[in-house]
Amino acid sequence: MPKRIAVLGSTGSIGRQALDVVRSHPEKFKVVGLAAGRNWELLAEQAAEFAPGVVSVWSGDDAERVRVRLGGGVEVHAGEPGLSAVATWPAADILLVAVAGTTGLVPTVEAIQSGKDVALANKETLVVAGELVTELALGRGVQILPVDSEHSAVWQCTAYRRTEVTGVVLTASGGPFRRFSREELERVRPEDALRHPTWRMGPKITVDSATLMNKGLEVIEARWLFDVDYDRIEVVVHPESIIHGMARLRDGTVLACMSPTDMRLPIQYALSYPQRWETALPVLDFAALGELTFETPRRDLFSALDLAYQAGREGGTMPCVLNAANEVAVSAFLDGRLAFTDIPRVVAATMEQHESKRRPELGDILTADRWARETAAAAAERVS
């Protein structure tokens, strides 16, 4: 029987690659729900191809356009209620959450409450509400399956030996500016930051990779996925991006997961788990690779990584504030209103003004998110 999946963010980078995986295994999947943001035309094309029972797009006007284009036979929704409709669609066995930012939080919670497994490509959900979401999943008996390449790698290294793991290692490409001086970083333009050396991603996550904030967010995500303390989560720069994650075992052994830099691999494993299916992707040629190198992150120039560790250790609503302030700062940078080196300054200034609330409920998290966005916007105006 095919696995029935719903996809939030089907027109984005991860969503499109997930549908590529479905096309590679048409007998093993049935797409029952699709949700997109503003690209209603691509959503309509996807719906015509996969014939889901429900689709959603952000605006009501676009929803009407989709309705007219498809001509019936599918429920069409809009906005946040639309995301919820797709996330809780009764026919779905598993939900792939591939929307950006905190937009994915509420539908992820709703999917877990409805008893669905979640393939999570939206790291912000665990960053801002890791304690709440993991406790809820445990209580409902559902699985959170990591899609990020680094977390998928660690997951595969630790799957059957959790009690033997003493630490995890996340690798980072280092981004396009890992050898830049402070003066060169101050001159970075948005178009420079959007040229990632190894991965094909959306603009926000590409900038986060350049600042190392993406790796910082992944550290917080790893804390909740693998139940490890921050002192046991390491970050190492690995420019070749062949080793995606490692696990340290209690006898000193280190297990590493290596694969080509193609997101369809971790996407497929999350959707096929516990099975592992064949792919048509090229295998690693170690002789052609020649060497694998590792470096220590330059924390003096890329302070976002330490800000993430700080927020994670403080806990409560502080990781939510870190994430929201970063989203505001990155948006200002992409719009040309903020310098690249001011992104972590805006985040730090926002965190300094926040008094974290312990064990927050969903409402507390959403309130902290709104406060942080307003505070970060004001901070961005001051430093620009």
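Any Cβ shown, glycine's included, is placed from N, Cα and C.
When the candidates GLU75, GLU80, GLU218 are compared with the Mn(2+) site entry in Swiss-Prot, which names ASP148, GLU150, the shared residue is GLU218. Neighbour count (other Cβ atoms within 10 Å of the Cβ, all protein chains): 20 for GLY37 (NADPH binding site). Annotated pair GLY37 (NADPH binding site) and ASN214 (1-deoxy-D-xylulose 5-phosphate binding site), C-alpha to C-alpha distance, rounded: 22 Å. Separating the Cα atoms of GLU218 (1-deoxy-D-xylulose 5-phosphate binding site) and SER13 (NADPH binding site) is a whole-number distance of 18 Å. The separation of THR11 (NADPH binding site) from LYS123 (1-deoxy-D-xylulose 5-phosphate binding site), Cα to Cα, is 18 Å. Report note: the Mn(2+) site is defined by ASP148, GLU150, GLU218, and the residues of the same chain whose CB lies within 8 Å of the CB centroid of those residues, excluding them, are LYS123, PRO146, SER149, HIS151, SER152, LEU170, ASN214, LYS215, GLU221, ALA222, HIS244, GLY245. Non-local contacts of ASN39 (NADPH binding site) by the CB criterion (under 8 A, 6+ apart in sequence, same chain) comprise THR11.
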